[in-house]
Amino acid sequence: MDKAVSKTNRMAAEISQHGVKEYLAQQQHKGLLRFLTCGSVDDGKSTLIGRLLHDSAQIYEDQLASLKNDSAKMGTTGEAIDLALLVDGLQAEREQGITIDVAYRYFSSDKRKFIIADTPGHEQYTRNMATGASTCDLAVILVDARYGVQTQTKRHAFIASLLGIRHFVVAINKMDLLGFDEQVFNRIRNDFSEFVKGFGELDIHFVPLSALNGDNVVEPSLHTPWYQGGTLLELLETIDTQRELSALPARFPVQYVSRPNLDFRGFAGTLASGVIKVGDQVVALPSGKRSKVERIVTFDGDLPEVTAGQAVTITLEDEIDISRGDLLALPDSAPQVANQIIADLVWMDEKPLQLGQLYDIKVAGKKTQASVTAIDYVVDVNTLARSSAASVEGEGLGLNAIARVTLELTEDIVFDAYSLVRDTGGMILIDRLSNATVAAVMVVSGQHVSKQVSSPFSAFELEFNALVRKHFPHWQAIDISKLGA
């Protein structure tokens, strides 16, 4: 309670001393870190986040009062406060004592602002974990010191790596139950390091802690004199997760065309990577038409340049046809344009993947249709072994499966490899009937394939068939353009 009060008083004192504007400016200029917590069920993810918020003085009096009432009602921790209830918001989660949905929490320290994604540990909710990982820069992987590296721990580490996360903090929890044994810590560190050897270059930190008691979460523990590293909060504050997005090729996905009057036509969006300056020649893709940047417009006035992460409106010197879903880039570092891609895929639907079925696909504001035409191989996340498509023949690719696949699209899309630019290399597949997101797609490569074949059908019949398949997917009409003569 004292920490909550001191937090309130400290904020009031800072505002009184510096004024509201300066206080808000200080908060605005703090760096932002998005990270997720994941691991096997009951490793203590929600408790760890609750402890992190509590010990860093981020909980206020009304929250603590409510938490005490909820803890007494649940009775899971005796007379002590159940910090996991701060995060486990769904009624089903509280009753079962597990995390089902991805729970987001926000807090800040003196050095950084944080967005936490508390992801599920159960295997059937791995798809939720993939959703949380897709926007994070760092993963906190929890390991129960009693059990070591488990199957779900491996699955989460692999998915986090697959989704572009290169920074890991392995939090070895419940060390208090094993007397803070250094040998246990070293064994788990070696096991995890051995497993991720094939994941490429990773930045990994290990920390022994007790989320229940607070050891090495915010304050250093007296029980681990053999550990010379920082606490969990210190690591989160100091690990450099900047991707140097401004050094990457410029990518400006057009979110919408702004036309407030006849004298203004601009293209609004957020620069995903790189830098674009006034006067730069840009190419609009997939059309390939070129022009020069005339203005970079914001609410606060024009800018000479825009850097990655900024939301702006760009106007061009020439009137060229650009619409939502198109992309502006610099000609000497333009992305690829293709209608066939090879990608890693995480299947998120209970209904198995059907080869040849038409799905909606979205990437950087662009929406079109695609079908998976081949499964190149399936990945066993426990061993990272690759098995052929024959291993899922008949059953299809099931929930939580990970595979390398080939997709064919009904029209050209603009893309990068996911390892280069997340925003233009990450896609989602959507079931056209239920509108459910069924897969996360990370592009590896692509090519343009000519689809001109002799057909016994007239142009009208082909166009009418395409119209029916687009607007009446529940009719399950076949694509007659793929039928032979």
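Every residue gets a Cβ built from N, Cα and C, even glycine.
Here is what Swiss-Prot records for this protein:
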type    : residues                : note
BINDING : 39-46, 118-122, 173-176 : GTP binding site
DOMAIN  : 30-243                  : domain 'tr-type G'
REGION  : 39-46                   : region 'G1'
REGION  : 97-101                  : region 'G2'
REGION  : 118-121                 : region 'G3'
REGION  : 173-176                 : region 'G4'
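Positions of the features from Swiss-Prot, shown on the structure.
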residue: G39; record: GTP binding site; DSSP class: strand
residue: K45; record: GTP binding site; DSSP class: helix
residue: T119; record: GTP binding site; DSSP class: coil
residue: M175; record: GTP binding site; DSSP class: helix
Candidate with sparsest Cβ neighbourhood (10 Å radius) among G39, D42, K45, T119, M175, the listed binding-site residues: D42
Confidence summary (mean pLDDT) of the region 'G1' (39-46): 76
